[in-house]
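Asks: Below: one structure in structure tokens.
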Amino acid sequence: MKVAALIVAAGRGSRAGPGAPKQYRLLAGQPVLRRTLAAFANHPEIMTVLTVIHPEDASAFEAASGGLPKLLEPVFGGSTRQDSVRAGLEALNADAPDLVLIHDGARPLISAPVISACIAALSTHEGAQAGLSLTDTIRRTDKGMAAETVARDTLWRAQTPQAFRFNAILDAHRQASGGEHTDDVSVALAAGVKVAMVEGDQDNIKITSAADIQQAERILMRSGETRTGLGYDVHRFGPGDYVWLCGVKVPHDAGLVGHSDADAGLHAITDAVLGAIGAGDIGRHFPPSDPKWKGAPSEIFLAHAAKLATEAGARVSNVDVTLICELPKIGPHADAMRARIADILGIEKGRVSVKATTTEGLGFTGRGEGLAAQAIVTLIIG
């Protein structure tokens, strides 16, 4: 049985406020759409994933989807959701899937069990829709005043995926051409296709506003696996009149000696990220014996580690780095360092701490021979 996923991501939703379309906004360090695509691309029963996008979003889609398996070339949507789904179905027709799951690109927290339940329902039904049976009391109103209670035993709150036998939903959309249906179950019902309801998931929310992104982040924090990594680095002082620390150029009466720019702070954070995902250390990825990295800015190393973390399904929750030295003074530069680290990792500055301490004159740092950095990074997987 060949199962395809059709992800509808051609909208321009204005409720999320100014900026990128909601499906390309960052959710805990990753674009919303990437999380949606990954949920289907990583599902063992899904064979292909086709995305319907807005013509202006080709570059954004490429950036958001890079490296994911099973993805077909996206197609452009139309002026309505119905038009966009029709375009996607016509494109999938050449691939001849048996089943198709149609899902909102702005629902990034769809779970594997709900996907599986929708597919399973198609063994006995032409269509299936995820949804939530209502538990709250439902009441009609009359001019703002409470009126009669509505029986809730037949009421569901609709979600996606909406899953169908492929030929049935393609024919239904062709029959509905020019109509104004708001979802695919409506299209199916109009064509006489019977659709079963499948219990969905409370966490399968649709991102329509900034508040929804905050709610989704809370859900991810609650449900994800926590990983912690520890990094430590040392560099000695040498000739120079500045040092690089945590991505910031700091004036000093000496420089730091190293193969790259000797930024001990970023090196420690890089090792912490790599350690949290079990990817070795900075030397494995950027060996000091390679002249390519001579004098290289250390932000390259941290950005690479962050990319590996993203590919492993992880996101950075927070970073805590301690710089150990007598001089230079870190306090005046700490805020700029926090901002630079946050920018490299694509997280909020409030998730980054930079602080300094001394060894009270003891050891090589106490003698002013060099400095050290220690970093702890917390990642959330899931």
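Cβ coordinates are placed from backbone N, Cα and C, and glycine is handled just like the others.
Here the structure is a predicted model, which means the values were calculated and not measured.
As annotated in Swiss-Prot:
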- 1-226: region '2-C-methyl-D-erythritol 4-phosphate cytidylyltransferase' (REGION)
- R15: site 'Transition state stabilizer' (SITE)
- K22: site 'Transition state stabilizer' (SITE)
- R152: site 'Positions MEP for the nucleophilic attack' (SITE)
- K206: site 'Positions MEP for the nucleophilic attack' (SITE)
- 227-382: region '2-C-methyl-D-erythritol 2,4-cyclodiphosphate synthase' (REGION)
- D233, V234, H235, H259, S260, D281, I282, G283, T357, T358, T359, E360, F364, R367: 4-CDP-2-C-methyl-D-erythritol 2-phosphate binding site (BINDING)
- D233, H235, H267: divalent metal cation binding site (BINDING)
- H259: site 'Transition state stabilizer' (SITE)
- T358: site 'Transition state stabilizer' (SITE)
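Could you tell me the structural context for the features on the list?
Replies: For the recorded site, R152 (site 'Positions MEP for the nucleophilic attack'), the DSSP three-state label reads coil. R152 (site 'Positions MEP for the nucleophilic attack') is surrounded by 13 other CB atoms, counting those within 10 A of its CB over all protein chains shown.
Under the DSSP three-state reduction, K206 (site 'Positions MEP for the nucleophilic attack') is assigned to coil, being neither helix nor strand.
With a cut-off of 8 Å between CB atoms and residues at least 6 apart in sequence, the same chain places T322, L323, I324 near T357 (4-CDP-2-C-methyl-D-erythritol 2-phosphate binding site), listed in sequence order.
All protein chains included, H267 (divalent metal cation binding site) registers 27 other Cβ atoms within 10 Å of its own Cβ. Taken residue by residue with DSSP, H267 (divalent metal cation binding site) is part of a helix.
Annotation note: H259 (site 'Transition state stabilizer') sits in a coil segment as assigned by DSSP. Counting Cβ atoms from all protein chains shown, H259 (site 'Transition state stabilizer') has 16 others lying within 10 Å of its own Cβ.
The Cβ of T358 (site 'Transition state stabilizer') lies under 8 Å from the Cβ of I324, C325, E326, T365, G366, each on the same chain and at least six residues away in sequence. Mapped onto three states, the DSSP output places T358 (site 'Transition state stabilizer') in coil.
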Asks: Cα-Cα, whole number of Å: F364 (4-CDP-2-C-methyl-D-erythritol 2-phosphate binding site) versus H259 (site 'Transition state stabilizer')?
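Replies: Here the two Cα atoms lie 20 Å apart.
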Asks: Taking only C-alpha atoms and a 10 A limit, tell me which of R152, K206, H259, H267 are near I282 (4-CDP-2-C-methyl-D-erythritol 2-phosphate binding site). These are the recorded positions.
Replies: H267
Asks: Once near-sequence residues are set aside, which residues in the chain of T359 (4-CDP-2-C-methyl-D-erythritol 2-phosphate binding site), 6 or more away, have Cβ atoms under 8 Å from its Cβ?
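Replies: T359 (4-CDP-2-C-methyl-D-erythritol 2-phosphate binding site) has long-range Cβ partners I324, T365, G366.
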Asks: Please identify, from the recorded positions K22, K206, H235, the residue with the sparsest Cβ neighbourhood, meaning fewest other Cβ atoms within 10 angstroms.
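Replies: Each of the recorded positions K22, K206, H235 was scored; lowest Cβ tally within 10 Å is K206.
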Asks: List the Cα distance (Å, whole number) between K22 (site 'Transition state stabilizer') and H259 (site 'Transition state stabilizer').
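Replies: Cα-Cα distance, K22 (site 'Transition state stabilizer') to H259 (site 'Transition state stabilizer'): 42 Å.
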Asks: Can you tell me which of the binding-site residues D233, S260, H267 is spatially closest to R152 (site 'Positions MEP for the nucleophilic attack')? Compare CA atoms only.
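Replies: It is H267, whose Cα lies nearest.
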